Amino acid sequence: MAASVLPSAYQTSASSPDWLNKGDNAWQMTSATLVGLQSVPGLVILYGSIVKKKWAVNSAFMALYAFSAVVICWVTWAYKMSFGEELLPFWGKAGPALGQKFLIKQAALPASTQYHSNGEVETAMITPFYPMASMVWFQCVFAAIAVILLAGSLLGRMNIRAWMAFVPLWLTFSYTVGAFSLWGGGFLFHWGVMDYSGGYVIHLSSGVAGFTAAYWVGPRLTIDRERFPPNNVLMTLAGAGLLWMGWAGFNGGDPYSANIDSSMAVLNTNICAATSLLVWTWLDVIFFGKPSVIGAVQGMITGLVCITPGAGLVQGWAAIIMGILSGSIPWFTMMVVHKRWTLLQQVDDTLGVFHTHAVAGYLGGILTGLFAEPTLCALFLPVTNSRGGIYGGSGGTQILKQIVGGAFIIGWNIVSTSIICVVIGLVIPLRMSDEQLLIGDDAVHGEEAYALWGDGEKYDGTKHGFYSDDTTHHRPVSGATQVL
């Protein structure tokens, strides 16, 4: 009788240590890929198509550059500032995440052990059942999308060289602080502020920082602010679709495990996003007489953002309520408050990131403090007996914690982003020249999104022709139509 032998896939070896859970590792890498696809190509496509034609290349490239720059900065020093050993209550010690010994050992967040007031361990250190390499990459794509979302406030006028300097500086001095404080074992993490998947770390911070940076960079040309139509609505929907479907990894990967809380998070994410999209669309029909496709995309985004801080912590009915509020409150701030508040009108936030991410993210964080269900909280949070306000006990305090946690993120981003912009402005102009702003992509990159002449381009016969081959042709002297 043959001996019973485990299949090789389940045998312990140097490449499959006993602590490795292959299901968790597969889901974590899949989640990271889904989040990466939200940026490249998701937001690259969305940004390149939702702007005026003359800014399509520049807008898409800002996203593509940011993703690449963040990857290198993240593994060189920023990961450990966000998830390493504590340097300050809000910051980790900088260091590389590149060595073999570090990357193949079991993932662990060293500052995440939670203690009772008497010094006894309340919740053990977070140690997922996969290697550090999976954790580093998963958190890297989160950092990248935060910077790319911020870029939405600056499209159509920021000097690309200034943007190239801004990305690593903001990642280092702003994003890492929020990530460590709320996720990596900082003071907000241990106080019990709830941010399941980045409502504060990513969306509130990028929305506030984007608005702040937009103030320092300055506005687009008046003609662009008055008329800035999308150059391709269908491609905008394609990018938005990648963003929506990619959110399964965004919220589903944050339990650091393929567990039941991950399933709850994915379902709640889609419930809230769908509800929010419908509410935003209904409001457009009621008040403007017709549904807007771009408005539907905005409503989808606010729903995804709002559920993010509580995706695995609230019940399905709460996700619907959050969707109703995320489809109406940011709509109100964007469509009504923005048009009546002088400060908001003075700052040129190109895609309204302040409303879709800052307002929706803060709203989601506060609503999480209201609706967080105790059983679901116990599956995820380091502070035991955590609960939302409607469940009594310490729930009322939780709402206060959510408000204070969001206020810290807002304050830090206003100050740090302002300092970064001022310092860069001393060396590199933050805003493009008026000539570049008039022409667009052709002046900035020497490239265009479409092989069509017009919309701000200055035609140069020595650079542009009617033919794409190398044969010498005589161009017609006049006439719009060529007979071939």
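For all residues, glycine too, the Cβ spot is worked out from N, Cα and C.
What TrEMBL says about this protein:
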- 26-450: domain 'Ammonium transporter AmtB-like' (DOMAIN)
- 26-48: transmembrane segment (TRANSMEM)
- 60-79: transmembrane segment (TRANSMEM)
- 135-155: transmembrane segment (TRANSMEM)
- 167-188: transmembrane segment (TRANSMEM)
- 200-218: transmembrane segment (TRANSMEM)
- 230-250: transmembrane segment (TRANSMEM)
- 262-281: transmembrane segment (TRANSMEM)
- 293-311: transmembrane segment (TRANSMEM)
- 317-337: transmembrane segment (TRANSMEM)
- 358-383: transmembrane segment (TRANSMEM)
- 403-428: transmembrane segment (TRANSMEM)
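Long-range Cβ contacts of the transmembrane segment (403-428) within its own chain (Cβ-Cβ under 8 Å, at least 6 residues beyond either end) map to 159, 161-162, 165-166, 169-170, 173-174, 177-178, 181-182, 188, 191, 193, 195, 200-201, 204-205, 208-209, 212-213, 216-217, 358, 361-362, 365-366, 369. As a whole-number mean, the pLDDT of the domain 'Ammonium transporter AmtB-like' (26-450) in this prediction is 96.
Within its own chain, the transmembrane segment (60-79) has Cβ neighbours under 8 Å at 36, 39-40, 43-45, 47-48, 94-98, 136, 139-140, 143-144, 147-148, 151, 154-155, 158, 160, 163-164, 167-168, 171-172, 175-176, 445, 449, counting only residues six or more beyond its boundaries.
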